[in-house]
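Annotated features, as they stand in TrEMBL:
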type     : residues : note
TRANSMEM : 12-31    : transmembrane segment
DOMAIN   : 35-374   : domain 'Ammonium transporter AmtB-like'
TRANSMEM : 43-64    : transmembrane segment
TRANSMEM : 76-96    : transmembrane segment
TRANSMEM : 134-151  : transmembrane segment
TRANSMEM : 163-182  : transmembrane segment
TRANSMEM : 194-213  : transmembrane segment
TRANSMEM : 233-251  : transmembrane segment
TRANSMEM : 258-277  : transmembrane segment
TRANSMEM : 283-303  : transmembrane segment
TRANSMEM : 323-340  : transmembrane segment
TRANSMEM : 352-373  : transmembrane segment
Amino acid sequence: MSSNYRNFRNNVPWLILFLEAVFIVLFYFLFSHGDESRSTVSYAAFQDVNHMVIFGFGFFLTFLKRYGFSSTGFNLLIVVLGVQCSVLIENLFYFLLEIPHEDGLKRITKAAVSITAVVISTGAVLGKTNPVQLILMTVVEIIVFHMSRWINRMYLQVPDDVGMMHVHLFGAYFGLAVSSCFPEPSPRSEKNASTPKSALLSMLGTLFLWVFWPSFNSVLSEDKKWEVTYNTYFALAVSAVTAFTFSAMTTKDGKFRMAHIHSAVLAGGVAVGYAANRIRYPWIAMILGLLASVITVLGSYCLQRCLNPALEIHDSSGVHFTFGFPAVLGALAQVVLLVAENGTFLTSLGYSVMFHIGAFCVTISMALITGLITG
């Protein structure tokens with residue numbers, strides 16, 4: 001990664017060994033098995049999420065020519081450390097709150113979903129951080145994300161499967177807050193350049209993510225699992241079509257820009273994850289996928305020209321418009337669908353809506369504040 005660090009061989013191995021030793025000791029004292037005879041998560045669904053996190057995001061981060069090889073390697077290191085940390089934090093909350101433990105397969109699946117926040121944040125700081133900083137960011141972000149999710153669950157009564165989908169929102173804005181503390185690489189620097197080969201590998205990661213995203217959204221759903229998968233696929237399909245359409249419309253020569261396609265084809269999956277369990281008809285998911293893709297393409301155009309220079313934030317892989325904007329749209333869509341489902345704005349409905357809005361505000365506030373502190 002970045003060359004502005006000292007004693008790489010001395011610091012990184014000892015830091016990793018120290019963390020692993022801590023994890024082993026904590027597993028010894030805190031880890032207790034739940035009911036392993038049955039699980040609400042199938043092993044096939046867990047494999048899909050694991051492939052998505054390892055292969056999908058691993059290749060997704062190879063867009064810079066100088067960091068293509070190291071991006072895939074450090075993605076694996078971040079994931080395996082982060083999953084262990086996530087399982088421990090989750091188990092610690094269960095222990096302190098005296099909640100019955102879940103089965104092991106569901107526990108590790110939730111950890112794999114949680115680590116997505118860190119991988120998204122890594123895309124915002126790629127090329128500006130060294131391995132020590134990435135590892136420390138992983139531990140801090142996993143802890144804070146679980147705190148945010150448990151606040152939403154315990155005090156705002158947000159269902160756990162919906163609260164887990166805040167992973168995109170948290171990861172995007174935590175990464176942007178950390179990135180704001182680092183200077184932007186020179187436009188002519190190798191740290192800010194890509195090649196056709198690196199762009200091709202990054203597009204391969206996008207394809208992996210696109211294929212496995214329905215499993216990602218539905219893996220933790222207690223009911224309506226197939227309905228969530230169905231809606232997610234149609235949202236992804238429409239967002240991909242819209243990405244090609246608006247890419248051609250926003251370029252002077254009318255050609256497709258793969259930078260737009262790379263980002264916008266995933267927008268529907270991100271947005272629909274929040275509201276998939278409330279979507280009764282596929283056409284609603286299709287509209288949401290269309291809007292998410294439009295916001296992503298237009299956001300890419302506007303942010304790079306206006307907002308990023310004004311705020312002096314360098315977003316290496318465009319996580320703001322790839323994950324941040326669609327996540328905000330999905331959170332708003334969840335509120336709109338909740339109101340439409342009940343028909344009238346009753347007192348109890350008003351409280352429910354405020355709880356969902358409060359969960360959105362808690363997630364984004366904790367991401368920005370702790371991201372700045374971490375940066």
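Glycine is no exception: its Cβ is also placed from the backbone N, Cα and C atoms.
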Averaged pLDDT, computed only over the residues in the domain 'Ammonium transporter AmtB-like' (35-374): 84
Remote residues contacting the transmembrane segment (43-64) - C-beta distance under 8 A, at least 6 residues beyond either end: 71-72, 75-76, 79, 105, 108-109, 112-113, 115-116, 119-120, 122-123, 126-127, 191-194, 198-199, 201-202, 204-206, 208-209, 212-213, 215-216, 218-219, 262, 316-317
Contact call for the transmembrane segment (352-373) against the transmembrane segment (134-151), three or more Cβ pairs under 8 Å: yes
Stretch with greatest number of CB pairs under 8 Å, the transmembrane segment (323-340) reference, 12-31, 76-96, 163-182, 233-251 candidates: 163-182
